[in-house]
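Going by Swiss-Prot, these are the annotated features:
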- Cys66, Cys69, Cys72, Cys115: [4Fe-4S] cluster 1 binding site (BINDING)
- Cys76, Cys105, Cys108, Cys111: [4Fe-4S] cluster 2 binding site (BINDING)
- 57-86: domain '4Fe-4S ferredoxin-type 1' (DOMAIN)
- 96-125: domain '4Fe-4S ferredoxin-type 2' (DOMAIN)
Amino acid sequence: MSTVASVKDFVSSFMLTELFKGMALTGKYMFSRKITVQFPEEKTPLSPRFRGLHALRRYDNGEERCIACKLCEAVCPALAITIESEVRDDGSRRTSRYDIDLTKCIFCGFCEEACPVDAIVETHIFEYHGEKRGDLYFTKEMLLAVGDRYEAEIAANKAADAKYR
């Protein structure tokens, strides 16, 4: 190292130039517009295509939509869906068991796309938790309850997204 360079380094470190450069950068961003969202109090808008908690839908007459074709179970890459079906007296087939293990689910939306009758949908609900592993194992009754509770929102999101499908 040359003498000039070492003197320059000594003066630079003695005058704390790196510290002042850092302080200038901090000052520059301190007064700029904040982009951080304080989550529980503030929420950002969600897209109509947001994929959150699953729900099973019903027809207007109260009958569940799922026809037990098992396409959603077949297309699920995480193998998170389990379906068992039974044949009714009128010859139609309906599910006797429809379970989704949310600890396995990757929320890809393939189940929703594969469903020919729009029975399984992903809602805008993302604030749910489980204290035990079994709490994130949703049964048919739980999924139908979610669908019944949020049917108006689900229908509005489906209508908003219809022109893009």
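For all residues, glycine too, the Cβ spot is worked out from N, Cα and C.
Shown on the structure are the features that Swiss-Prot records.
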{"residue": "Cys66", "record": "[4Fe-4S] cluster 1 binding site", "CB count, 10 Å": "25"}
{"residue": "Cys69", "record": "[4Fe-4S] cluster 1 binding site", "CB count, 10 Å": "17"}
{"residue": "Cys72", "record": "[4Fe-4S] cluster 1 binding site", "CB count, 10 Å": "23"}
{"residue": "Cys76", "record": "[4Fe-4S] cluster 2 binding site", "CB count, 10 Å": "19"}
{"residue": "Cys105", "record": "[4Fe-4S] cluster 2 binding site", "CB count, 10 Å": "21"}
{"residue": "Cys108", "record": "[4Fe-4S] cluster 2 binding site", "CB count, 10 Å": "15"}
{"residue": "Cys111", "record": "[4Fe-4S] cluster 2 binding site", "CB count, 10 Å": "24"}
{"residue": "Cys115", "record": "[4Fe-4S] cluster 1 binding site", "CB count, 10 Å": "20"}
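Of all the binding-site residues in the list Cys105, Cys108, Cys111, the shortest Cα-Cα distance to Cys72 ([4Fe-4S] cluster 1 binding site) is found for Cys111. The residues near the [4Fe-4S] cluster 2 site, meaning same-chain residues not in Cys76, Cys105, Cys108, Cys111 whose C-beta sits within 8 angstroms of the mean position of the site's C-beta atoms, are Cys72, Val75, Pro77, Ala78, Ala80, Ile81, Ile100, Ile106, Phe107, Gly109, Phe110, in sequence order. Each residue in the domain '4Fe-4S ferredoxin-type 1' (57-86) gets a DSSP state, and the totals come to 5 helix, 8 strand, 17 coil. Nearest neighbour of Cys76 ([4Fe-4S] cluster 2 binding site) by Cα distance, taken over the binding-site residues Cys66, Cys69, Cys115: Cys115. Here the Cα atom of Cys66 ([4Fe-4S] cluster 1 binding site) is found 19 Å from that of Cys108 ([4Fe-4S] cluster 2 binding site).
In this structure, Cys111 ([4Fe-4S] cluster 2 binding site) is part of a helix by DSSP. Nearest neighbour of Cys69 ([4Fe-4S] cluster 1 binding site) by Cα distance, taken over the binding-site residues Cys105, Cys108, Cys111: Cys111.
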